[in-house]
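Report on one structure; see the data block that follows.
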Amino acid sequence: MEVLATDTASQQERLQAIAEKRRKQAEIESKRRQLEDDRRQLQYLKSKALRERWLLEGTPSSASEGDEDMRKQMQEDEQKARGLEESITRLEKEIDVLEFGESAPAASKENSAAPSPGRPQSASPAKEEQKSETLVNAQQTPLGTPKENRTSTPVRSPGGSTMMKAAMYSVEITVEKDKVTGETRVLSSTTVLPRDPLPQGVKVYEDETKVVHAVDGIAENGIQPLSSSEVDELIHKADEVTLSEAGSTAGPAEPRGLAEDVTRTTPSRREITGVEAQPGEATSGPPGIQPGQEPPVTMVFMGYQNVEDEAETKKVLGLQDTIKAELVVIEDAATPREPAPLNGSAAELPATKEENQTGPTTTPSDTQDLDMKKPRCRCCSVM
């Protein structure tokens, strides 16, 4: 009977401990959600105050009614921001007390004070128990879960010694943040090997599986801790950027290969000198051209040259089997010849009298008058 009573009492104590632990976890989760909401609202108020201050700096010195209202609104926002900062500090302390017990504030005070060189520091039992439980949970995390900037983080073992938790990999994410709207945009994401020693940056987030450091832009943007929801959203955006980059690099590979195949299968174009294309022809082939079909070619000639194969040229130009017309002139031997024109064109011959034609003979003066009335043709001859 005593054994049964002891078992019943131990079981009740165990159930009470489990219920108390669940209650603490639920309270911690509630306070964490409230803490994240306060941080988000504080960030919004800071961005709003920065934008309003920038607008007020651009206005002239003469204050108007709208400027006064804006300044009053800025003062109210600053008061709200101070209240949110106090609330955030209080919630963080309450969460520390719930997680590590009543000894957490005392331990933080001891850590803030200068330690004596002769006395080694020993962690409290509640903190050691919590850290050991954190280590077990970190080891049970599946390998496929997304992580970001996971670095070597010291974890205290139950014996009080510091043990390094090895990082599996590290991710470098380049982020651009809009100061007006507060929206975060991921520019690039690169997976690298975990770096040892730790990166030269400021720690802005840490939990059982992830540690986030702000490396660049600290002087411009300031140090702002991140919440778990913001870290998860950042990891999700980084995964989307990585997938989009992989798709953009793998997409154009297939059309390039098809273009190379078409180039190989297309026969070489035959060039015929002296052929002019039609005015309606295009400089490139149609978009739906099939391999093996020769697209139209447009050629523009800025001069001429002698062709070696004259027969082929006549055949192409349609001059084969044509009749050449010759000019036959019958004249008297006494008619003076005029010099040939300089441009090589055929000279205009004066009208002569045929042998069996009857009529008055022409005098030299009449011939000169005829030449003056009828000017000589100096047009160019083609072909």
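Yeah, the Cβs are placed from backbone N, Cα and C, and that goes for glycine too.
Of the listed residues (Thr59, Thr145), Swiss-Prot tags Thr145 with phosphothreonine; the rest carry no such note in the record, though that does not show they lack it. Per Swiss-Prot, the residue annotated phosphothreonine among Thr151, Thr181, Thr367 is Thr367.
Looking up Thr174, Thr191, Thr242 in Swiss-Prot for phosphothreonine, the annotated residue turns out to be Thr242. The 10 Å shell around the Cβ of Ser244 (phosphoserine) contains 10 further Cβ atoms across the protein chains shown. In this structure, Ser244 (phosphoserine) is part of a helix by DSSP.
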